[in-house]
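Some notes on the structure that comes next.
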Amino acid sequence: MTELPDRRLLLVHAHPDDESINNGATMARYAAEGARVTLVTCTLGEHGEVIPAGLRHLTGTALGEHRLGELTAAMRELGVEDFRLLGGKGRYEDSGMMGIADNDDPACLWQADVDEAARELVEVILEVRPQVLVTYDPDGGYGHPDHIQAHRIAMRAAELADDAGWRIPKIYWNRVPRTVADEAFARLQADLPGLPFGKAAVVADVPGVVADERITTVIDGAAHATAKAAAMRAHATQIEVAEPTAPYFALSNELAQPLFTTEYYELVRGERAAEPGAAKETDLFAGVTLGEAS
Ligand SMILES: CC(=O)N[C@H]1[C@@H](O[C@@H]2[C@H](O)[C@H](O)[C@@H](O)[C@H](O)[C@H]2O)O[C@H](CO)[C@@H](O)[C@@H]1O
Ligand SMILES: [Zn+2]
């Protein structure tokens, strides 16, 4: 069996762009530190909207193929080499926003059998043997069907992997602490006139916002802010990032929101291992016994 790096992080996301928005700085940090970072994306985002007018001709499968190119460019910016599509390219299609007819397409992720999809992910887990798994909370952060399914598939795969020979020691959900969100949106209101966006989103538009007490882990990604912004910019059909210094972006709804370079997590499996005297962990691998490679 091939030798594995000591630290191995697995992230499960719904569409190309979610990884950079939620975890770009975390991924860049651990990749730079020599950990193995593995991203599994569940769909190609075929039903996304397209921001640049010059790309509006991309629809359906063409958009999916184009977004795979955007994902590849984003991973290059983050230094992540291992990124995969769940079940292989085109296995599960983008389900569209909750409540639209696309949700009923038999080929879409929302219609997928969760156990069957989870077994696809178990194969990756048994190969990579991650000590840390990152995914969304049960609501998928903001209720998108693909995000909800990605959560269900990731958590079910972790359960199945327990019985298949690899128990992932730590599992985290993407979070944003409410006071951080409130403060960031207050700054955004002051900065909005200088930004290229018409209006500002509101805290309720940000996925995974919870009371500060539920945050267990804070990853300072300031050193990787440029990489995260570049990775988000690579997803040009979905994301518009303000000029390099301004920590703001907008999706195709043109609503400005903060670009966080400190990324937050809630530990939902494993023992919290904060430094003595510290309330929060500052490392996703804290407390993990390394050297469990094959
Ligand atoms: C960040 C994310 O999950 N984006 C999804 C989402 O895209 C949003 C959707 O098109 C919505 O209608 C827009 O108002 C919003 O601005 C978009 O971010 O849903 C898409 C369709 O399922 C998906 O492809 C995209 O990755
Ligand atoms: Zn998404």
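Each residue, glycine too, has its Cβ placed from N, Cα and C.
Predicted automatically and left uncurated, TrEMBL annotations should be read as such.
What TrEMBL says about this protein:
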- HIS15, ASP18, HIS147: Zn(2+) binding site (BINDING)
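Sequence features annotated in TrEMBL and their locations in the structure.
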residue: HIS15; record: Zn(2+) binding site; Cβ neighbours (10 Å): 27
residue: ASP18; record: Zn(2+) binding site; Cβ neighbours (10 Å): 27
residue: HIS147; record: Zn(2+) binding site; Cβ neighbours (10 Å): 28
- Item | Zn(2+) site, defined by HIS15, ASP18, HIS147: further same-chain residues with Cβ within 8 Å of the Cβ centre | HIS13, ALA14, ASP17, CYS42, GLY45, TYR136, GLY140, GLY141, HIS144, ASP146, ALA150
- Note on the structure: In the three-state DSSP scheme, ASP18 (Zn(2+) binding site) belongs to helix
